[in-house]
Amino acid sequence: MSTVDKMLIKGIRSFDPENKNVITFFKPLTLIVGHNGAGKTTIIECLKLSCTGELPPNARSGHSFIHDPKVAGETETKGQIKLRFKTAAGKDVVCIRSFQLTQKASKMEYKAIESVLQTLNPHTGEKVCLSYRCADMDREIPALMGVSKAILENVIFVHQDEANWPLQDPSTLKKKFDDIFSATRYTKALEVIKKLHKDQAQEIKAYKLKLEHLQTLKDAAYKLRESISQNQEKTESLKSQMQVLEKNIDDLDAKIHNAELTLKDLRKLEDQKSTKTAERSTLFKEQQRQYAALAEENEDTDEELMEWKTKFDERIMLLDNKIQKMGRNQQDLDEESSAYRRKLNKCTEEIGKLQRDAETLVMSKKDRDTAIERLFARLNLGSTPNSPFSDEVALNLTSQIEARLMELNKDLDEKKQSNDQKLKTAWDCYVGASERCNIAEAQKKAKLEIKCSVLKRLEETKSNRDSLEIQISDVNLSLLDEREKNMQVELDRKKKQLNERNHDEIIQQKQQEVFAIDQKIKVLSHERNLAANDAKERMELSIKKRELEDKKKQLKKIIEEYKGQD
C-alpha cells in the first residue's frame, strides 16, 4: 500500500516563497485544522497537483495558484512542492515540482520549470534524480502509487469545489465512473473480443478451403512418392556405373598429367641447350676479337701479375683514404657553414628586436609627450615647449605636474574638512528639527484627540437635548434655557482656548524649518559630488603618474641595454 510521509510547500498561494513549510502526515490519521484562509485547502491542492499534475479549479491557468509577485514586491516569484511518499512496493520516492510566475508589462506569465523524481540506489545508497516532462511525471506517479489518476483526482484528493460531482448530469457522471472503474477499458476489450471472434470465423472458413486443397495435394504427393522411390532405384544403379567410369577417368587423367610433366622437362632442356650454345658462340667470338686486338702478347708470369695486382690494390686503397679524408673535410665545412648561418639568423633576430624596442621607445616617448601636454592643458600650467621633449625637459615638466597635484590634494583635503564640518552641523540641525517636528506632531495628535473627545461630548449633549425636548412638557423651560446657555458658554470657552493655541501656525513654522534643512542638505550633497569628482580626477592623475614612472623605467632600461651593447 502506498503512503504519503511529508510535503514541503514554498511560494504557493499564501505560503511565503522565502520560507519552507514542511507538513508531516502521521499514521493512521492526520487532521488539518485552522481558520478560514489559513491554507488547509492549499495543502489538498498541493497533494493533488504533485500526484496528478492537475491545477485546482479557479486557478486561472496557474496565475492565482503561485504567490503573487505584487504582494512579494518583486517581478518574479518561484513556487515549489516536494512530496515524499512510499510506493506500492514500499520504496521511498521524492517528487519535486517547481513553478515560476513572472510579472510582465501587461500580463502575468506562468511556467512549470522542472519535474524531478528522487530515489535511492539500493546498491550504493546514493540519491538518483530523474528529470521528466510534466506529462510523463503525471503518468509515472500514479503508476508508482498503484492508484489510477481518476481515483486520485475524484476520490482521494478531490477539491471542495468539485466534491459534488456525483450530483452532476448523467453524461458527466458516467464519464467519471468510467474513469474511476476503468470501464472504458472493459468496453474496448469486449469490442476487441467480438472483432477477434469475427476474424477467427473468417479464418476458419479460409482454413477449411485450404484443408480441402491440401487433401488433394496429399493424394498427389502419395503418387509422387511412389514415382520418386522408383526413380531412386534407377539413380542408385546409374551412380554405381558413374563411379566405375570416374575411376577410369581418374587413371587416364594421371597418365596425361605425367606425360605433360615429362614434355615440359624436355622443352626446358631444349631451351637451356639453345641458350648455352648461343652463349658459347658469343664468348668464342669475343675471345677471338680480344686476341686479335692485342698489340703485343704479355709474357709475364702469374707471380709478376699478382705483384702488379697487389700494387694496384694498394694504390686504390690510398685513393680511397684520400676520398674519405676529403669527405670528412667537406662535412666539417658544412657544419661550420651551418653554425655561421645560425649565428647570422640570431644576429638578424637581435637586430629586429632592437629595432622593435627602438620603435616602442619612440612611441612611448610620443605618448609621454602627449600625456604631459594634455595634463598641462588640463591643469592650466601654461604652455609647453615643442615636442619631442628631451629627458631633462620631461623631468622638469613632470615635477611641475607633481607640484600642481600636491597643491590640488591640499585644496581637496581642506574642502573635505570644511564640507565634513558643514555636513555635521547641518545634520545636527536636521536631527534637532526632526525631533522638534516629532514633538509638534505628537502635540498636534494629542490636541486633535482632545478636540474629538470634546466633539463627541457635544454630540452626546445634543442627543441628550433632543431626548429632553421630547419630554419638554414635564420639564421647566426656564431651567433648560439657562442650562443650555451655560453649555453654550462652556462650548465657546473651549473653542476659544483651542483657537488661542495656534496649532496651524506652529505646524507651518516647523514645515518651513524642515524645508530650509532640506535645502542645506541638497547644497551639501552637491558639494560632496563635486568633491567626489575631484577625487576621481585625482585618481586619474595618479594613474597617469604611475604610467609615466613605468615608461621612465622602461626608457632607462632600454638606454642601459644600448650602453652595454656599445
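Here the Cβ of each residue, glycine as well, is placed from N, Cα and C on the backbone.
Annotation source TrEMBL lists domain 'Rad50/SbcC-type AAA' at 6-249.
Here TrEMBL flags 197-357 (among others) as coiled coil. In this model, the coiled coil (197-357) carries an average pLDDT of 80.
Remote same-chain residues near the coiled coil (398-425) are listed as 372, 375-376, 379, 381, 524, 527-528, 531, 534-535, 538, 541-542, 545, 548 (criterion: CB distance under 8 Å, separation of at least six residues from the stretch ends). The feature coiled coil is assigned by TrEMBL to 398-425 (among others).
What TrEMBL records for 458-497 (among others) is coiled coil.
Summarising the annotation, TrEMBL assigns coiled coil to 531-565 (among others).
If one looks beyond the coiled coil (531-565) by at least 6 residues along the same chain, the residues whose Cβ comes under 8 Å of a Cβ in the stretch are 354, 357-358, 361, 364-365, 367-368, 371, 375, 391, 398, 401-402, 405, 408-409, 412, 415-416, 419.
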